[in-house]
Every structure is written in structure tokens, then in C-alpha cells.
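Colleague: Copying in the features that Swiss-Prot gives for the protein in this structure:
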- 1-20: signal peptide (SIGNAL)
- ASN36: N-linked glycosylation site (CARBOHYD)
- ASN41: N-linked glycosylation site (CARBOHYD)
- ASN72: N-linked glycosylation site (CARBOHYD)
- ASN79: N-linked glycosylation site (CARBOHYD)
- ASN108: N-linked glycosylation site (CARBOHYD)
- ASN144: N-linked glycosylation site (CARBOHYD)
- ASN220: N-linked glycosylation site (CARBOHYD)
- ASN245: N-linked glycosylation site (CARBOHYD)
- 286-306: transmembrane segment (TRANSMEM)
Amino acid sequence: MGTNGVRVFVILYLLAVCGCIEYDVDDNVHICTHTNVSHINHTSWYYNDKVIALATEDKTSGYISSFIKRVNISLTCLNISSLRYEDSGTYKGVSHLKDGVIVTTTMNISVKANIVDLTGRVRYLTRNYCEVKIRCEITSFALNGSTTPPHMILGTVDKWKYLPFPTDDYRYVGELKRYISGNPYPTESLALEISSTFNRFTIVKNLNDDEFSCYLFSQNYSFHKMLNVRNICESKWKALNNNDNASSMPASHNNLANDLSSMMSQLQNDNDDNNDYSAPMNVDNLIMIVLITMLSIILVIIVVIAAISIYKRSKYRHIDN
């Protein structure tokens with residue numbers, strides 16, 4: 001289909017008929033009724049039983065945010081451009097005619113998509129050393145006629161992990177012929193993670209050691225993405241150099257600041273390992289902890305000085321007596 005538009009005309013009077021048509025990502029779809037526009041008083045358009053917009057003779061109002069830039073709605077047609085996977089669902093137009101007749105147009109849309117997210121996140125970084133966590137997550141996979149569960153592999157030629165997809169009933173949507181992520185099974189069941197370390201001054205002899213691939217394959221279909229992880233480290237090292245060159249601070253202060261920055265990054269990354277989706281550390285809380293610690297130290301010093309002074313006075317008074 002490519003990006004060519006496909007026009008579907010369905011005429012329904014006081015009846016609701018549902019058909020299912022599959023589209024590819026970036027296709028355009030037009031759902032219309034043949035009813036003469038001059039006979040229509042107003043039309044309400046729905047997506048999964050939620051109102052998208054209300055079209056009248058004068059205007060169309062009530063667009064939901066995710067459709068604003070890609071949808072054109074009128075009394076007779078619902079036009080969606082550049083389909084996305086999440087656009088899959090049931091669309092319905094209910095036209096109220098001026099003579100009291102109601103015309104209902106309903107269409108099930110299934111958008112075929114293989115959504116594979118392959119990302120790399122730096123866990124630890126110094127001027128010479130870089131550790132990256134590589135994560136591959138499958139959020140949608142079209143079976144394309146396959147009768148066997150798909151599998152996924154993440155890694156390089158020499159270092160990789162393997163995972164068969166779960167085949168639980170709630171992971172498979174029969175109408176869409178697709179394994180999808182979502183409740184109640186955790187999304188992590190369709191994700192693999194692997195860590196790799198890089199030395200800045202190591203001579204790269206085999207580029208395959210830097211290229212990580214995420215393979216998704218089934219009986220008659222395969223799909224993969226590639227990511228050069230060393231490039232992620234190189235960009236971080238370059239940023240460190242730029243910061244050093246741009247800074248006017250003394251070298252010792254630079255080193256201290258970089259060490260503190262590395263320590264804070266390591267603490268944050270360790271926290272991320274426990275919960276990859278947790279919020280960043282609250283800066284206000286961190287400042288408060290530092291202030292309380294400093295005040296405690298100052299208080300201890302004052303108490304010690306006071307104790308020494310009292311002791312000396314007591315000793316001198318004893319000598320005088």
C-alpha cells in the first residue's frame with residue numbers, strides 16, 4: 001500500500017456493521033459515508049467509543065490531541081494521514097440526518113508494525129573508561145502468517161542473549177495477529193538488556209565488537225536493528241573534553257568537579273539500575289542533606305571547643321586554689 005490512500009465507503013442506516021482492514025505504518029485512510037452532505041445535520045466521530053470530534057455544517061470541534069495534526073474530519077468523512085501503530089482500533093461516525101434518520105459508519109483499523117527500540121545508556125564514565133547498558137524492547141510484532149512464537153537475540157557476534165516470546169493468551173491479540181506488551185504481563189518480558197565496557201585508548205581491531213544488534217525472528221520473518229555503542233561513549237568523552245577546554249577553573253578544581261560529577265552520575269545510575277523508570281534525585285532534598293550535615297559538623301566543633309575551654313578554666317582555677 002505504501003503511502004497511497006485507501007478509501008472505504010460504508011453505508012449504514014440504523015445498523016452497525018464492522019469490518020477489519022490492515023494497513024501499514026504511514027498509510028493514509030479515509031472512512032466515509034455516501035450520504036448526501038446536504039441531508040446531514042451533524043456527525044459525531046468516535047475512536048474506540050471515545051468522541052474524536054463533532055462535525056456540523058459550520059465547523060468541526062473537539063479534536064483529541066493525538067489526532068490534531070493528522071486528521072481531517074467533515075460531516076461525511078474521517079481522513080487520517082501517516083498512520084501510527086497506536087492508531088489501531090475501531091472508528092465510528094454517527095450522522096444525524098435532518099429527517100431524523102441516523103446513519104452509522106463503523107470500521108476496524110489494524111496497523112501492522114514492528115516496533116523495536118534499541119537504546120544505549122551510559123552507566124559509568126571517566127576520561128578513560130565507559131560502561132553502557134544496552135536495552136532492546138519489543139513493543140509490537142506482526143506475525144505475518146507465522147504459526148510459531150517469535151524469538152529475540154541481543155548482542156554482538158561473541159556476546160549475546162536469547163529470549164523466546166511468552167505465549168500466554170493475554171500476550172496475543174487474535175484480531176490483530178500480533179504479540180503485544182501490556183498488563184497484566186510485565187513489559188520487561190519482551191525486553192533484553194546487556195552491559196558492555198569500553199576503554200578510550202583501546203585500538204579497535206574488530207568493529208563487530210562495537211556493533212550491537214537486536215534480532216527479532218519467527219518462522220518466516222526476521223527484523224533487526226543495529227547500534228554502535230562505542231559511538232555513544234565517544235560522544236560522552238568528547239563532551240568531557242569540551243567542558244575541560246571551555247572551563248576557566250584551575251586544574252585541581254576541574255578534577256574535583258569532574259570527580260564529583262562522576263560520583264553523582266554513578267549514584268544516579270545505581271539508582272536507575274534498581275528502577276529504570278524512577279524519577280531523578282530531588283535536588284532540593286540533596287541540598288538539604290548537605291546543609292544539615294555541615295551544620296552538624298559545625299555544632300560538633302563548637303561543642304568540642306567549649307568543652308576544651310571549660311576544661312582549661314577548671315584546670316587553671318584548680319591551680320590558683
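Keep in mind that glycine also has a Cβ here, set from the backbone N, Cα and C atoms.
Tell me what's around each of these sites.
Modeller: For ASN36 (N-linked glycosylation site), the count of additional Cβ atoms within 10 Å of its Cβ stands at 10 [all protein chains shown].
Secondary structure at ASN41 (N-linked glycosylation site), as computed by DSSP, is strand. Non-local neighbourhood of ASN41 (N-linked glycosylation site): THR56, GLU57, HIS96, LEU97, LYS98, each in the same chain, at least six residues away, with C-beta under 8 Å from its C-beta.
The C-beta environment of ASN72 (N-linked glycosylation site), restricted to residues of the same chain at least 6 apart in sequence and closer than 8 Å, consists of ASN79, SER81.
Long-range Cβ neighbours of ASN245 (N-linked glycosylation site) (same chain, at least 6 residues apart, Cβ-Cβ under 8 Å): none.
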Colleague: How many Å separate the Cα atoms of ASN108 (N-linked glycosylation site) and ASN36 (N-linked glycosylation site)?
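Modeller: On Cα coordinates alone, these residues lie 24 Å apart.
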